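Colleague: Straight from TrEMBL, here's the annotation block:
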type	residues	note
TRANSMEM	25-49	transmembrane segment
DOMAIN	43-294	domain 'G-protein coupled receptors family 1 profile'
TRANSMEM	61-80	transmembrane segment
TRANSMEM	100-122	transmembrane segment
TRANSMEM	143-165	transmembrane segment
TRANSMEM	207-228	transmembrane segment
TRANSMEM	240-262	transmembrane segment
TRANSMEM	274-296	transmembrane segment
Amino acid sequence: MSAPNRSNTHPLPFLLMGVPDLEVFHVWISIPFCVTYIMALLGNTLVLLAVGLDRSLHEPMYCFIAMLALIDLIFSTAIVPKMLGLFWLDSREIGFEACFIQMFFIHTFTAVESGVLLAMSLDRYVAICHPLRYNTILTSPRAIQAGLLSLARGVGIMIPLIWLLTSLPYCSSRLIPHCYCEHMAVVGLACADTATSHRYSLGAATLLVGTDSAFITFSYCTILRAVLRLPSHRARLKALGTCGSHVFVILIFYVGGLLSMYLQMFTRSLAPHVQVLVADSYLTVPAMLNPLVYGIKVKQIQEGIRKLLGQLAGPRSSQAA
């Protein structure tokens, strides 16, 4: 066994492999991730600016949509630029501290997004099933408190895990078989007993996702029952279309996350590149779809984006004149 990775003094950097067994196709693999990231940046930035600059959108529903846009910007930016640097420039090295900082941001804001999706489902439940009490139950300050609570929960879950991981000695290969510092991939490089971190991460993720998804399922089932009672066929179809698109994005987020974790933990026969591509997709695709499903499709936000684009185009047109 080689010497420990000097974890207490000057820890050695890690090397990212990218997509195992598909290294020759890295440039082609980068194209969909680059397009997805650009669309995520544009969509989420537009939604965030429209909600932030239009006072008429400072309501709980739009606050949650803005939170979701901010979260997607943070954790997609924590992943994709380094991934593209690896694919295009063969920039594989990532510092020891930088690796765990990236891991902290990715997994923290994944947990925060889960909490915000839960809050949004409860917001829609109150709006549809208890419309007369909506303004008293949900206010903008309470929406912000819910977002801060989700952030505190995510940070509280990740700090012990990061402490467990950074205290491990890394004395074997420094090569991470992934495109970013994914938790399970990094743990596999430790040369000590990792059972504690495995149990903690598995228990925390299962409890968090299980609790949030149970409440989200209850909310949307109750909403569906209320929608089916609407007298207008057109109103029912519109509501079902909206709820269906929400549920579709939520399923991608939760099912993709659980698949990514359990495939790496329990499925040894699955090709490594399949595991990596599943993990990469579940973190990047929802960040692109969320502004389309939750933001740009909402009429009020469409109007806010039009106002924003009109204000940006106004000075240019006046200068041209």
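Here the Cβ of each residue, glycine as well, is placed from N, Cα and C on the backbone.
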Colleague: State, in range form, which of 100-122, 143-165, 207-228 has the highest count of Cβ pairs under 8 Å to the transmembrane segment (274-296).
Modeller: 100-122
Colleague: Within the same chain, where does the transmembrane segment (25-49) have neighbours whose Cβ lies under 8 angstroms from its own Cβ atoms, ignoring anything closer than 6 residues to its ends? I mean 6 or more beyond.
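Modeller: For the transmembrane segment (25-49), the far contacts come to 18-19, 65-66, 69-70, 72-73, 76-77, 80-81, 83-84, 86-88, 277, 280, 284-285, 287-288, 290-292, 294-296, 301, 305, 308.
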Colleague: To what whole number does the mean pLDDT across the domain 'G-protein coupled receptors family 1 profile' (43-294) round?
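Modeller: A mean pLDDT of 84 is what the model gives the domain 'G-protein coupled receptors family 1 profile' (43-294).
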Colleague: At a C-beta cut-off of under 8 Å, are there same-chain residues at least 6 beyond the transmembrane segment (100-122) that contact it? List them, or none.
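Modeller: Here the qualifying positions are 61, 64-65, 67-68, 71-72, 74-75, 78-79, 82, 94, 143, 146-147, 149-151, 153-155, 157-158, 161-162, 165-166, 180-183, 186, 208-209, 212, 215-216, 219-220, 246, 250, 253-254, 257, 283, 286, 294.
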